[in-house]
Amino acid sequence: MSASGEVSTARDYIGHHLNNLQLDLRTFELVDPNSGGSATFWTLNIDSLFFSVVLGILFLYVFRKVAVNATSGVPGKLQTAIELIMGFVDNSVRDMYHGKSKVIAPLALTVFVWVLLMNVMDLLPIDFLPYIGEHFFGLPALRVVPTADVSVTLSMAIGVFVLILYYSIKMKGIGGFTKELTLQPFNHPLFIPINLILEGVSLLSKPVSLGLRLFGNMYAGELIFILIAGLLPWWSQWLLSLPWAIFHILIITLQAFIFMVLTIVYLSMASEEH
């Protein structure tokens, strides 16, 4: 094979694995990834939606089953692991959230475990599920890491943003929240436009940074796995993929933890009365 042919094959391989399984909501037809068309507002990444929902259901099922069958005696391995996770999350909430709410701890647990499960999908062999999807179901493309899709991470961040607004208005009232936006940092009516711009940018930057941070790290990790699989011979891929997978375990756990911590911190800031 010529050098240009090898480059073309590697380019096609990498491009194929970066394509989502998309549904055009205007025609309700699957989008052909080879058509050269770009994604629009009316395009839905159904693979990201499918895997995120399935992993969310898996999380609820496993935790509910363990809670129902929990015993006060010697716990099993799964119950022990879940108790450790719940204790870790509960301690994190106690350290960072200083208000009183029965929602924050369950929310933090859901965010941490759900994001972690979606991140773990990046450890699967890069061709495993796409091969099954293509040869058994005729799917033109399939991406299995929901958090490597910016629409998923920003959707979760927008959910957190809605909670930030809710707790800000709940704790401070509409008047207090309005004063916070218009009379800080300069407490003078003449500076209301400047204050509004500064506080508005600060407020909007929270969901944007929250979503893009998770997306950027997971997209980069996924891309490295794809590059290893697409550019190296099969017999040498494990020399890089195995060490990277071991290191990536730390990354996916850390990113889930950071997303949870920032969620707690933002809600704690919103709940503080001034």
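Numbers here mean position along the shown chain, with the first residue as 1.
Quick reminder: no glycine exception, Cβ is built from N, Cα and C everywhere.
Here is what Swiss-Prot records for this protein:
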TRANSMEM  43-63  transmembrane segment
TRANSMEM  103-123  transmembrane segment
TRANSMEM  144-164  transmembrane segment
TRANSMEM  223-243  transmembrane segment
TRANSMEM  245-265  transmembrane segment
Cβ-Cβ under 8 Å with the transmembrane segment (245-265): same-chain residues at least 6 beyond its ends: 89, 92-93, 96-97, 104, 107-108, 111-113, 115-116, 119-120, 122-123, 147, 156, 160, 206, 210, 213-214, 217-218, 221, 225
Residue numbers, six or more beyond the limits of the transmembrane segment (144-164), whose CB comes under 8 Å of its CB atoms: 20, 45, 47-49, 51-52, 55, 107, 111, 115, 118-119, 121-122, 124, 129-130, 203, 206-208, 210-212, 214-215, 218-219, 221-222, 255, 259, 263, 266-267, 270
